[in-house]
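Peer 1: I have a structure here, written as structure tokens, and I will follow up with some questions on it.
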């Protein structure tokens, strides 16, 4: 079975082809640059860009893989969660291809696909597993009873960790997106220079808004207000702030995991999303948890269509096809957090 995957949940327009064995034949991603000037994603610009470049992105993927639309057996497309306009462009484009080529189509959950990306490149993953999604828009933990079953354990109550990194990068005068720039700065700084506290939200949930505010006050001063301009910082100060922030942000997640892992009796951990590529985070998890850890390669950490095609193929073969695919900005998973309480 040859599966064509389409991804457009945010600002990446992507197309990939995955063969019958799950091997990636092509993985083309167009990253929009228009948002850099605004310091974040402008939904209307993102939608227009998807509409403009989807045909050429699909054409590039077909050429790279050496196949034609007639060779495709299945079309998989991201339909939730994400920016509603961007999702609508992708879903309708996929429906057009499916109708024109008379191929079956299946909708894929973007967050679940991020976790599947880690599974896709791994071998002999044992279940049940803990799925940890860490991206610009989502921070959540899942019980994965198998590669296709996701039950919500906990999530961020406010900002996602990737979004928090981008906002702190802006405080430090860094361009968007700022995650990798924070990581680079932090490698030259002292993580104990500032005493930023990890999240203290009880139970399985997380919070990053307090940490974000603490960093802002550390830069502006405690007596500042919203109109107080950001001061000029030396490179050494930026590095120390970045390192201290990074430690607190990732510790907020890592400190929760030992108790959760014990509660759900998981046998492995799958980590997905753009933030999963952070080496400091990877090492922290390895030092915190005595379980097999699986991270996607860097090309599959960020938004891509290979993970959409891979998961879509598995869902189709498992007869879990989506009837009536519609774009949906938010998705509500079955939650099992109540059954895990109390957690410290």
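FYI, residue positions are counted from 1 along the chain as it appears here.
Placed from the backbone N, Cα and C atoms, the Cβ positions cover glycine too.
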Peer 1: Write down the one residue from 240, 303 that Swiss-Prot lists together with 110, 114 as binding Fe cation.
Peer 2: 303
Peer 1: 27, 278, 283: which one does Swiss-Prot list with 133, 134, 135, 136, 137, 166, 179 for the substrate site?
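Peer 2: My reading of Swiss-Prot gives 278 as the candidate in that site.
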Peer 1: Would you kindly give the Cα-Cα distance separating residue 133 (substrate binding site) and residue 110 (Fe cation binding site), rounded to the nearest Å?
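Peer 2: It is 10 Å, counting Cα to Cα.
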Peer 1: Taking the recorded Fe cation site as 110, 114, 303, identify the other residues of that chain whose CB atom sits within 8 Å of the mean position of the site's CB atoms, giving them in sequence order.
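Peer 2: So the extra residues in range turn out to be 7, 9, 78, 111, 113, 117, 135, 272, 273, 304, 307, 308.
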Peer 1: Does residue 135 (substrate binding site) have same-chain partners at least 6 apart in sequence with Cβ under 8 Å from its own Cβ, and which are they?
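Peer 2: Residue 135 (substrate binding site) has long-range Cβ partners 111, 114, 160, 161, 162, 272, 273, 274, 275.
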Peer 1: Please list residues from the chain of residue 278 (substrate binding site) whose Cβ is under 8 angstroms from its Cβ, counting only those at least six apart in sequence.
Peer 2: 179, 183, 246, 250
Peer 1: Report, in whole Å, the straight Cα-to-Cα distance of residue 303 (Fe cation binding site) from residue 136 (substrate binding site).
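Peer 2: Computed Cα spacing between residue 136 (substrate binding site) and residue 303 (Fe cation binding site) is 10 Å.
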